[in-house]
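S.K.: Please see the structure below; I have some questions.
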Amino acid sequence: MDIITTAEPPLVHAGLPAEPPAAGVSPSNTPITPLDLIEGPKVRTKLRLYAILLALYLALGVAALDQTIVAISIPTICADLHSASGYVWIGGAYLLANAATGPIWAKFSDIWGRKPVLLVAVGLFAAASILVALSTNMPMLIAGRSLQGAASGGLIQVVIITISDLFSVRKRSLYLGFVGFVWALAGSAGPLIGGAFIQYKSWRWCFWINLPISGVTFVLLLLYLNVHNPRTKLGEGVRAVDWFGTVSILAVTLLLLVGLDFGGAIFPWSSPKVICLIVFGTLMIGFFLFSEQRLAKYPLMPLAVFTNWSNNATFIVVFTHGMVLIGIEYYLPLYFQSVLQVSPLRSGVLLLPLIVMQAALEIMAGVLIHRTGRYREFIWAGTALMTLGTGLYIHLGTDTSIAVVVGLEIVGAFGPTLLFQAPMVAIQNTVSQVDTAAATASLGFVRSVAMALSVVVGGVVFQNSMDARQSSLAAAGLSESVLEALSGSQAAANVGIPRSIQDASQRQVVLEAFAWSMRNMFILYTCLAAVAMVASVFIKHRKLNTEHTETKTGIQSLTKAVDTTG
């Protein structure tokens, strides 16, 4: 059998800082990792490497599928469980847990190794899927979605970190391109599968489908993944965890996002509950930074990565991209079902042009970055096209034709797609290989928080907009029961109401209220895209390095890093 090497030279300790540039450094000016405990390059057969990549892409794919399959299913789930308030939190709880746990999983993988942590994440995801599929009420379902989100945080972060362990910065851009392709492919399948399950089976099958995929992924990872395993004992690993950072980052994410969700929708913005949540969440940011700087022996995030102005510009692009991307993918189905009054299955079909276009463009972007070694130009083009494409969604209304919708989706796919991997390459290219996991987790955390925040903020804008239209709905002569069903907190779960209204003028008023509320969300996302376009100007380009070292994980490596840095 043919054997290949992934161009991976010697293993090095995780966490060792880059030495300052000196004579003879690479012209790329990227940090040089000090070599320690040198071993020969790891040789893998083609079968093993392809099996590893298949397992990693399956793990990522099931996480992506779980996001889009649910977006289509939420109105049906809310109606079945008799809980309109669940619309935002079915997705929000998942994304919140995903955001909060990403850096934690990354640090776990530094302590216990990539393989054990990935296996635990896959197992937890499968168990959480069972819990959601068996849910009999909304609190049970949201609890299961939170566990799914936590597991998904591990799948996404550790998969990308593992790919970064396997390939050089220049070469990994190609495989990160396939990451985006898999994400888009699974995402495009989600609406179709979800719509079919809802129409012909049950929404619960949207979660049962995760089990066979998770099972195949687990077996492939167990048999073929052979990156470094430090075999850290459980007790030693637990003592090495940055618990102050772990608790504070969970608190920051939970308090801020719950406060923003409650404000204006459940409680007034002046409510003590909302104020306390937001104030204490903000204060916890300070405690987290203090913990990472002074208390943590092995911090979750390398704060040094935030001291570079180019990196900070990249993080701003990633944050705004995350908000725009998930906002469009999450709320376009709501537009289809509320304004265009299509079924969940057809809603999934209508989302296909956007996601299929993203899949094709993602591979193209990965190949071009790999061949040219350029990434800044992709960020510039991506932010400009994202602003244009998102702005065009503002024109969606009650009389928009399907052809126009498809055209807007195709245009709207270009910008966000170019921003999937280029910012990741930009960040990874500024740190040493041994800091790649922490830097990747930091970027993933920023993107995940943005996505969770986007669902919550988008939901708040929609709810407040529907409440603002109550006077016009009442003036149209709608009954009190219909007005209550179309209130901000109830409207998302009652998108089918227009079909039950016999009077054409009243039905049109309801459709216009939905369309106006969606328009306000798209205005918000367009403004965010414009912020990304401005920030992208400040991103600096560095030559992509073709040399590669594979990271060695474990407490011994982390300890040596701490000793080295003083």
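Glycine too: its Cβ is placed from the backbone N, Cα and C atoms.
Quantities reported herein were computed from a predicted structural model and do not represent experimental measurements.
Reproduced below are the annotations present in TrEMBL:
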- 49-74: transmembrane segment (TRANSMEM)
- 52-544: domain 'Major facilitator superfamily (MFS) profile' (DOMAIN)
- 86-105: transmembrane segment (TRANSMEM)
- 117-135: transmembrane segment (TRANSMEM)
- 174-199: transmembrane segment (TRANSMEM)
- 205-225: transmembrane segment (TRANSMEM)
- 237-260: transmembrane segment (TRANSMEM)
- 272-291: transmembrane segment (TRANSMEM)
- 303-328: transmembrane segment (TRANSMEM)
- 348-369: transmembrane segment (TRANSMEM)
- 378-396: transmembrane segment (TRANSMEM)
- 402-420: transmembrane segment (TRANSMEM)
- 441-462: transmembrane segment (TRANSMEM)
S.K.: Same chain, outside the transmembrane segment (402-420) by at least 6, Cβ under 8 Å from its Cβ: which residues?
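M.R.: That would be 176, 179-180, 183-184, 317-318, 321, 324-325, 328, 332, 340, 350-351, 353-355, 357-358, 361-362, 365, 378-379, 381-390, 392-393, 395-396, 529, 532.
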S.K.: Which whole number is the mean pLDDT over the domain 'Major facilitator superfamily (MFS) profile' (52-544)?
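M.R.: The answer is 86, the mean pLDDT of the model over that range.
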S.K.: Same chain, outside the transmembrane segment (441-462) by at least 6, Cβ under 8 Å from its Cβ: which residues?
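M.R.: Contacts with the transmembrane segment (441-462): 87-88, 91-92, 95-96, 98-100, 102-103, 105-107, 153, 156-157, 160-161, 249, 253, 256-257, 260-261, 263-265, 300-302, 305-306, 314-315, 318-327, 330-331, 334, 423-424, 427, 488, 491-492, 517-518, 520-521, 524-525.
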S.K.: Using a Cβ-Cβ cut-off of under 8 Å, list the residues of the same chain that are 6+ residues beyond the ends of the transmembrane segment (49-74) and lie near it.
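M.R.: Sequence-distant neighbours of the transmembrane segment (49-74): 4, 6, 86-87, 90-91, 94, 118, 121-122, 125, 129, 145, 148, 152, 155-156, 159, 162-163, 166, 175, 178-179, 182-191, 193-195, 197-198, 203, 206-207, 209-210, 213-214, 216-217, 220-221, 223-226, 326, 329-330, 333, 344, 347-348, 351, 355, 492.
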S.K.: Report, as numbers and ranges, every residue of the chain located at least six residues beyond the transmembrane segment (117-135) whose Cβ falls under 8 Å of a Cβ in that stretch; write 'none' if there are none.
M.R.: 59, 62-63, 66, 81, 105, 108-109, 141, 143-145, 147-148, 150-152, 154-155, 158-159, 162, 204-205, 207-208, 210-211, 214-215, 217-218, 221-222, 225
S.K.: Relative to the transmembrane segment (205-225), which of 86-105, 174-199, 237-260, 272-291, 378-396 accounts for the most Cβ pairs at distances under 8 Å?
M.R.: 174-199
S.K.: If you count every Cβ pair below 8 Å, which range out of 86-105, 174-199, 237-260 shares the most with the transmembrane segment (272-291)?
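M.R.: Ranked by Cβ pairs under 8 Å, first place goes to 237-260.
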S.K.: Six or more residues out from either end of the transmembrane segment (237-260), which same-chain residues have a Cβ under 8 Å from its Cβ atoms?
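M.R.: Long-range Cβ neighbours of the transmembrane segment (237-260): 92, 96, 99-101, 103-104, 107-108, 111-112, 274-278, 280-282, 284-285, 287-288, 291-292, 295-301, 445, 449, 452-453, 456-457, 460, 555, 558.
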